[in-house]
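Novice: Can you read through this structure? Questions will come right after.
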Amino acid sequence: MSATLALTEQLIARASVTPDDQHCQQIMTERLTALGFECETIASHGVTNLWAVKRGTDGRDGKLLAFAGHTDVVPTGPLEQWSSPPFIPAHRDGKLYGRGAADMKTSLAAFVVASEEFVAAHPGHRGTIAFLITSDEEGPATDGTVKVVELLEARGERMDYCIVGEPTSTTELGDVVKNGRRGSMSGELVVKGVQGHIAYPHLAKNPIHLLAPALAELAAEQWDEGNEYFPPTTWQVSNLHAGTGASNVIPGHADLLFNFRFSTASTVEGLQARVHAILDKHGLEYTLKWSVSGLPFLTPRGELSGALENAIRTETGITTELSTTGGTSDGRFIARICPQVIEFGPPNGSIHKIDEHIEVRFVDPLKNVYRRVLEQLIA
């Protein structure tokens, strides 16, 4: 069994359902400390975070390449639906099964072993290797990576490159990497009306009827055209509720939850202003509460993307696709202190599902790609 596969199984065997790390980071710390890393545990409200650094011969003047990832996993779902226990690694038909196999314990193991091989081959490496690991990525993500980034900002610590080990591939290892993510902003809209008997509409004010024209306009709006890296911004309703449940009562208010997934072609302030303008144009009496869970970030083609593309092509023969599709990730926090952030990991077809798995044939090539990137950028 390869070193990467063995470490992956060791991590899967820890039932680290968010935010419980279950000593996964301790396993990693023991390996990294033996390599000469300085490891710091940063705890916050039940969340375990790890910041580990190994300086190269250039010291703080050298380039810093960080690997960011998470040890927490999503809940298993109904255990009886699993073909084998989710926290007992199992091999079937060339696949390794277990919760976290794809998201993202294989990536964690791969970068640890890649670092071990890199340091052994390049003991005098010039640049710095770092790990930023959290147990709060699958949960609220309020005490994990964002807290470590805030601490690093306060210390004046910088990163030059960061690989986030998210499972970005689709069918083959390396067919897709993420060089950015859209921003996410939600709104809670309450449109006020006047409750009354449905037989006497002149004595009431129906908020559903008032909202409908504005809702149609919001749904039809072209928010932007996207750009080279991002598709156009989207606006979607996730929840719409009004009424008491009775068939003879005009409701007193209508509640609408909606979400923007927005590109770098739009801003938070600009989108909010346009929504308010549409609501105001229709004369609505309303309250609107905004929440921004992440800003868009983008890493244009450059050193990190080039090194990763070269490594993937050398290892797999695949020409990778740079993409910004999908949901948010911890990359949105890291982009605040790192100009080049790219996500790359194994295929994601089984993540968060019953019988999550990874094809064993991808495990060591993933490690090799990570090692090749280290060799290109900080050797």
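The backbone N, Cα and C atoms fix where each Cβ goes, glycine too.
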Novice: Write down the one residue from His352, His357 that Swiss-Prot lists together with Asp103, Glu138 as binding Zn(2+) 2.
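Specialist: Swiss-Prot lists Asp103, Glu138 binding Zn(2+) 2, and from His352, His357 it also lists His352.
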Novice: Which of these, Glu9, Glu153, Glu157, Glu166, does Swiss-Prot list as part of the Zn(2+) 1 site with His70, Asp103?
Specialist: Glu166
Novice: Within a 10 Å radius of its Cβ, which of these binding-site residues (His70, His352) has the fewest neighbouring Cβ atoms?
Specialist: His352
Novice: Using a 10 angstroms cut-off on Cβ to Cβ distances, just flag whichever of Asp72, Glu137, Glu138, Glu166 is the loneliest among these recorded positions.
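Specialist: Comparing Cβ neighbours within 10 Å for the recorded positions Asp72, Glu137, Glu138, Glu166, Glu138 has the fewest.
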Novice: Near Asp103 (Zn(2+) 1 binding site), which residues of its chain come within a Cβ-Cβ distance under 8 Å, counting only those 6 or more away in sequence?
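Specialist: Counting only residues 6 or more apart in sequence, the Cβ neighbours of Asp103 (Zn(2+) 1 binding site) under 8 Å are Val73, Val74, Glu166, Pro167, Gly345, Asn348, Ile351, His352, Glu356.
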Novice: Roughly how many angstrom lie between the C-alpha atoms of Glu138 (Zn(2+) 2 binding site) and Asp72 (active site)?
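Specialist: Here the two Cα atoms are 7 Å apart.
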